[in-house]
Amino acid sequence: MQIYLANPRGFCAGVDRAIAIVNEALLRFEPPIYVRHEVVHNKFVVSDLANRGAVFVEELHEVPDGSIVIFSAHGVSKAVEDEAERRDLTVFDATCPLVTKVHIEVAKFAQDGMDAVLIGHAGHPEVEGTMGRFNHRHGGRIHLVENESDVEALSVQDAERLAFVTQTTLSMDDTARVIDALREKFPHIQGPRKDDICYATQNRQDAVKHLASRCEVVLVVGSPNSSNSNRLRELAERMNCRAYLIDNATEMDINWFDGIQSVGVTAGASAPEVLIQEVLQQLQDWGGDLPSELSGIEENVTFSLPKALRIPMTQVGK
């Protein structure tokens with residue numbers, strides 16, 4: 001059985017930064033270090049950080065006044081920021097800079113009194129944070145749509161003063177169809193100068209298309225609550241591959257590969273390479289060939305840590 005490995009795959013710059021922020025905080029400060037929501041959507045990563053002292057909570061009321069808290073990579077609403085300031089919490093913001101870019105866009109539309117349309121998945125923490133960045137005091141409203149049917153039912157205050165943004169981890173193909181529907185219904189709608197779907201999401205979706213074109217089965221390493229990992233699985237299925245989303249190698253079933261000549265492996269943006277390597281090793285133990293890594297875009301994006309976490313440890317407290 002041939003094994004193909006997608007390129008790029010796994011960690012993106014925003015995930016690297018978010019995990020590094022938690023790691024640095026654990027090194028520099030006395031526990032407990034609180035993290036609002038899973039810092040990234042991966043069970044292995046969250047469990048590892050929890051074992052080293054991070055305390056994960058869903059809401060700030062679980063954090064004692066005056067504590068250190070880290071906001072997850074998915075971002076938070078303005079109300080959460082305000083509550084943290086009110087309660088004298090020391091905040092390290094691990095929001096992905098590409099999510100922050102969308103927050104800035106939404107805030108500007110609100111300031112201008114426009115309606116905004118957010119293309120995204122209801123209930124996802126990134127969507128909740130972005131919706132919570134829209135200030136309604138200037139007369140505008142923000143609307144959430146997930147698909148073309150939502151667009152069809154959408155009613156806005158002024159179709160000529162309307163803009164859209166998107167969640168950063170969506171299916172590019174699905175989102176393009178929703179944007180087309182918006183532009184058809186609202187010809188004057190404004191969009192971002194550059195696509196809000198992040199570079200890593202785009203690159204991993206392109207890579208899984210390349211992978212699925214030559215494989216019968218595709219394995220996506222990622223947690224069930226990872227939006228971008230789910231989109232990779234769906235994309236492989238649309239290309240007529242059997243696709244499985246797995247947290248780790250223990251979730252694989254040898255029967256998946258009966259009679260299979262080729263299997264592809266990729267990973268969502270929050271899945272660490274160690275889990276991918278364990279999957280590859282299990283496939284080889286079951287008779288697979290040495291993996292062949294496909295060609296792909298080389299990623300060299302990096303995001304810096306907050307200034308307070310970049311100060312050399314020897315200078316902390318001086």
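Positions of Cβ are set from backbone N, Cα and C atoms, glycine also.
For the isopentenyl diphosphate site, Swiss-Prot gives His41, His124, Ser226, Ser227, Asn228, Ser270; the one candidate out of His74, His103 that the record lists there too is His74.
Between the C-alpha atoms of Cys96 ([4Fe-4S] cluster binding site) and Ser270 ((2E)-4-hydroxy-3-methylbut-2-enyl diphosphate binding site), the distance comes to 12 Å. Within 10 Å of the C-beta of Cys198 ([4Fe-4S] cluster binding site) there are 26 other C-beta atoms, taking all protein chains into account. In the three-state DSSP scheme, Cys96 ([4Fe-4S] cluster binding site) falls into the coil class.
Its own atom aside, the Cβ of Asn228 ((2E)-4-hydroxy-3-methylbut-2-enyl diphosphate binding site) has 27 Cβ atoms within 10 angstroms in the protein chains shown. Listed recorded positions near His74 ((2E)-4-hydroxy-3-methylbut-2-enyl diphosphate binding site): Glu126 (candidates Cys12, Glu126, Cys198; Cα-Cα distance within 10 Å).
The least crowded of the binding-site residues His41, His74, His124, judged by other CB atoms within 10 A of its own CB, is His124.
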